[in-house]
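*Asks:* Here it is, the structure in full.
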């Protein structure tokens, strides 16, 4: 809600132009993202830290699979190799224990599925409907907040037998909640911006860089335990990220050198999620909808 209010104020000051998007598309997209956040948190609550890290690692290959099957996107063997090295490195550095349970596994699978689909749609909606990351976030944030506001307290009370609103919020707690909300504005904005400008896979690669930085800063600033295994894993992960960045740059240069081929591929991929008539004519009422 703070993100929406911040963007609403920015829109009032003409810092960006609001663009109408089909209400059904925005509503389903916002609810899906909200559900994704819920499943990720429940997965962390029901699983060990190690299994939760495995869940986050599984998002990249699952995203690659979905984009390959449904968007007909091609990933070169070099890109796949670099992603494999990245996942192996992060796994070595961050996964310590793997405790499995049925409920936690189901929640993890749901978290992976909703997160992947949500991030793919974040990229697809921006490109297909020609909207900016700010416009999409502004339109979808209220629905995302609504599903969390309705479901969050009910699920919390069911699991903990405690009422969220009965908690006595001290000034320090309120201060940290407000700080968290302020930080979340930049996090939400940067998430939509990175996915829209690059891809869901690149965003996940960036997220694993964050994991490596958390481990490194934990050791440097907080003197957390740091083993040779952590160092080896981080080095492998960084090497994989470097290869991924290099191979992506090389492939983008090739695409720019042959723009006609890229345009043909874009046209072939266009029908995904859109209902098109024969002759590739789309109804005017569907121009701002991909549902």
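Cβ atoms are placed via backbone N, Cα and C, with glycine included.
What TrEMBL records for 22-245 is domain 'Sugar phosphate transporter'. Annotation comment: TrEMBL describes 26-44, 83-100, 106-124, 136-155, 167-189, 201-219, 231-247 as transmembrane segment.
I'd like to know what surrounds each of these features in this structure.
*Replies:* Nonlocal intrachain contacts for the transmembrane segment (106-124), taken as residues 6+ away from its ends with a CB within less than 8 angstroms of a stretch CB, comprise 29, 32-33, 35-36, 39-40, 42-43, 46-47, 51-52, 54-55, 58-59, 62-63, 66-67, 71, 136, 191-192, 195-196, 199-200, 203-204, 272-273, 290.
Counting residues 6+ beyond its ends, the transmembrane segment (136-155) has Cβ neighbours under 8 Å at 1, 3-4, 7-8, 11, 16, 18, 21, 26-27, 29-31, 33-35, 37-38, 42, 122, 125-126, 163-165, 188-189, 192, 196 in the same chain.
Counting only same-chain residues 6+ beyond the ends of the transmembrane segment (201-219), those with a CB under 8 A from a CB of the stretch are 53, 56-57, 59-60, 63-64, 67, 75, 83, 86-87, 90, 93-94, 119, 191, 194-195, 225-226, 230, 234, 237-238, 241, 244, 248.
Residues 76, 78-79, 81-94, 202, 205, 208-209, 212, 215-216 of the same chain lie 6+ residues outside the transmembrane segment (231-247) yet bring a C-beta within less than 8 angstroms of a C-beta in it.
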*Asks:* Restricting to the domain 'Sugar phosphate transporter' (22-245), report the mean pLDDT as a whole number.
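*Replies:* Taking every residue of the domain 'Sugar phosphate transporter' (22-245) together, the mean pLDDT is 93.
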*Asks:* Could you pull out which residues elsewhere in the chain have a CB under 8 Å from any CB of the transmembrane segment (167-189), counting only those six or more residues past its ends?
*Replies:* 2-3, 6, 133-134, 137, 141
